[in-house]
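Chemist: Structure in structure tokens, see below.
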2 protein chains.
Amino acid sequence: MDETTTRAYILLHNVSKKHNVGTLTRIATAFNVTTIVLTGNAHYNVFGCQGASAYAKFVHKRTLEDAVRWLKEDCACEIVGVEIDESAVPLPDARHAWCGEQPNVRSRAFFMGNEGHGLSEREISLCDKLVYIPQYGVGSTASLNVAVAAGVVLSAFAEAAAFAQCNKQGAKFDVAERPRRTQTRGFAEDDEEREMRIQARRLAREKAAHGDDDDDIDNPPPSLDTLFSES
Amino acid sequence: MDETTTRAYILLHNVSKKHNVGTLTRIATAFNVTTIVLTGNAHYNVFGCQGASAYAKFVHKRTLEDAVRWLKEDCACEIVGVEIDESAVPLPDARHAWCGEQPNVRSRAFFMGNEGHGLSEREISLCDKLVYIPQYGVGSTASLNVAVAAGVVLSAFAEAAAFAQCNKQGAKFDVAERPRRTQTRGFAEDDEEREMRIQARRLAREKAAHGDDDDDIDNPPPSLDTLFSES
């Protein structure tokens, strides 16, 4: 891993809602997150990512501790939990600090809490830093949904890290040529199922390639459409 | 209207997806947007706003032109369209410019495009300025969903306008006492339906109070669960 290149990662632990990995993948791709690290129930679908999963890389670690170790040791990341907490830094302050590291902004993995109850004490204890998104006025909600929170945080980091901005042509961003697809596109539903199969194969290949001996090879991932309960 | 007080508004025209007004209301409330201006099919539900609609004020104007006129003349707003366009300013640059107006940051109404196809040419022509959210790296998606885009833009404006941040106590923001509720909370589903009825009554009251003679009083709003087509 080239430690002089700034990279952004997303760390997700036991994401429970059916569509969130897909939505987060789309956001991740927009803000130059190239790797999404999934732990625990690390089977996912890509519904809602509108093809963005063709660009994002998924890495699976069975335990959160494994994921944190990999991110710190192999990817030279600081683990940044996104959580409202006594010790958390307001995001604008964090952005200023990240900007101040230029031209060598450290890579960060943003640990997004599980929907509904945020990061647990154990999860917080694995973070190097915590940031929170300030809220304003008198009527704040207790939390923003995880996709909105990720968008706000990742856009701030992309700005601070001075990632290369996508060119836009008139009213559209240029989109890189999509990685080779093994089948042509058809109806949206069929395509989505196909995307899931491709992702499942990719996940299996990656797990093999990483020689992740923590993984339970006797229990392969179930089919993707049975992985999440609606909640 | 006190023109020295900076305010943030959201302008929505013909929002089509069932849950989006509720989700946007929650985001608006977090970032001190006190008024959401709805035009066209300005019937809405608040599913997904988790009670935030008790704080947000809704104003309905029948046409987009009426809404823009009201925002400019009565609220002293600049109309800022959120759209990828040749003439659009990157959000970080806009934020710096807004910060530069301190301590008298001008009020802004953020015009969020309809889901799927963004702002039309006619809609763009009604904006004073356009901003876009930069995307980074090679694999950008064509667009972020409207909730994520709103979160990114409104958090930037709240920061630049130096709105008073909510206090937080440990892991939670302080939430102001909720405005008087006419019925006690029950099951989530019942509560949601109740919230919708309350909102419908409020909308009717507001329309009466504003004497909005553009409204078609012979065609009262249909019941809230039939207002949106799933799309």
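Numbering starts at 1 and runs along the chain as it is shown here.
Glycine is treated like the rest: Cβ placed from N, Cα and C.
Unlike curated entries, TrEMBL annotations are predicted automatically.
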Chemist: If I go by TrEMBL, the feature region 'Disordered' sits on one of A:172-201, A:202-231. Which?
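Modeler: TrEMBL lists region 'Disordered' for residues A:202-231.
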Chemist: Given the model, what does the mean pLDDT over the domain 'tRNA/rRNA methyltransferase SpoU type' (A:9-154) come out as?
Modeler: 86
Chemist: Could you break down the residues of the domain 'tRNA/rRNA methyltransferase SpoU type' (A:9-154) into DSSP helix, strand and coil, giving a count for each?
Modeler: 49 helix, 37 strand, 60 coil
